[in-house]
Ligand SMILES: N=CN[C@@H](CCC(=O)O)C(=O)O
Ligand SMILES: [Zn+2]
């Protein structure tokens, strides 16, 4: 089945040389096809160009884009989409002056979500997550990563990862799953942190690997959660099962994780709100993707990751939502682009690369998605005629997305 998409105002390709990510100054160069057309065969782009399509008589169907703007669907490479309940009560506590750390210390936070998840039937969890997933799609997300981490027991972590698998099957979306058993120390292991780390390594990891339920491993490496040594032990153990690391680091404190985790070959280091100049340089010089989560900074009123400096030093920057019920209850990638531009001082081009190609690289899918090039899936979004790339971050909080096409098929 060959489909010709034609009559766009522009096709913003993001990349046209087959690069699997863009770093530093490359992030501001993005190829754009004026009055672009795209020929798609069985879901993959086989040709594309500007103006009239030469030799394009051979198609089964043609779609008139009526002057709409076309760009790659967003890739959200860091979410906690599966959870049992919102935490508006904690939000109210924060508004009256309590900090995220104080709420967590009083048994709220991740432990609150874990208690609720343990009680929730699988069907209800699937239903809630699927509903949120559809919301994300309406806002232009075409692929994402979802973490476990509200289980904190072997049984509940497996339950979460099974739901991620079901979400994949039910939605047909590209979804990568990450095992985050080391998200917090469960009540039962208070005072016995090492016991919990051993449980993650000796029981959870083998059980998850046996069922191939995870693509990646993650740890919340932070004061009051998992120290550097414990984090590295978990990541190394997971490596033996073929799981690469995507890690929560430097959200509130720097524990020296960046250097150590770059050296162990982490795929991405995420959060990064607190970074020293040395850490910025070390990460920017590496192949590890720096993933900024500006929704979390906005919602918790904490610093933004130094995205500008990471790009200026030549790093690979991705943007993701961190969608979760505690620190970032929102999944709008366009809003992440707005925050990246206004707060982290990225250009609109850099923000788009971070939200598409580099996000795809952060889930190892940038050979298939994240840009509109020959050989990639036709995963794209459209904006109404008259809008430009800059309109996306400019109209902060608005949803300008008209259509989402995945593998050349209109999803909405
Ligand atoms: N910081 C650790 N984990 C999540 C928040 C989890 C929660 O509060 O439920 C984050 O990425 O911000
Ligand atoms: Zn997170």
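Note that Cβ sites are derived from N, Cα and C of the backbone, with glycine treated the same way.
Fair warning: this is a prediction, and the values are worked out from it, not measured in the lab.
Features reported for this protein in TrEMBL:
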BINDING   78, 80, 248, 322  Fe(3+) binding site
BINDING   78, 80, 248, 322  Zn(2+) binding site
BINDING   87, 150, 183, 251, 327  4-imidazolone-5-propanoate binding site
BINDING   150, 324, 326  N-formimidoyl-L-glutamate binding site
DOMAIN    69-383  domain 'Amidohydrolase-related'
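Counting in whole angstrom, residue 80 (Fe(3+) binding site) lies 5 from residue 324 (N-formimidoyl-L-glutamate binding site) by their C-alpha atoms. Taking a Cβ cut-off of under 6 Å from any atom of ligand 1, the binding-site residues 78, 87, 150, 248 reduce to 248. Fewest Cβ neighbours within 10 Å among the binding-site residues 251, 324, 327: this applies to 327. Closest by Cα distance to residue 183 (4-imidazolone-5-propanoate binding site), from the binding-site residues 78, 248, 322, 324, 326, is 248.
DSSP assigns residue 324 (N-formimidoyl-L-glutamate binding site) to a strand segment in the three-state reduction. The Cβ of residue 150 (4-imidazolone-5-propanoate binding site) lies under 8 Å from the Cβ of 80, 82, 83, 84, 110, 113, 114, 116, 117, 156, 160, 183, each on the same chain and at least six residues away in sequence. On the 0 to 100 pLDDT scale, the domain 'Amidohydrolase-related' (69-383) averages 98 in this prediction.
The Cβ of residue 78 (Fe(3+) binding site) has 30 neighbouring Cβ atoms from other residues within 10 Å, across all protein chains displayed. Less than 6 Å separates the Cβ from ligand 2 in the case of 322, drawn from the binding-site residues 87, 183, 251, 322, 326, 327 in sequence order. When the binding-site residues 78, 248, 322 are screened for a C-alpha within 10 angstroms of the C-alpha of residue 87 (4-imidazolone-5-propanoate binding site), no residue qualifies. For the recorded site, residue 78 (Fe(3+) binding site), the DSSP three-state label reads coil. Rounded to a whole number, the C-alpha distance linking residue 326 (N-formimidoyl-L-glutamate binding site) with residue 251 (4-imidazolone-5-propanoate binding site) is 14 angstrom.
Each residue contributes its Cα atom, and for residue 78 (Fe(3+) binding site) and residue 327 (4-imidazolone-5-propanoate binding site) these two points are 13 Å apart. Residue density at residue 183 (4-imidazolone-5-propanoate binding site): 27 other Cβ atoms are found within 10 A of its Cβ, drawing on all protein chains shown.
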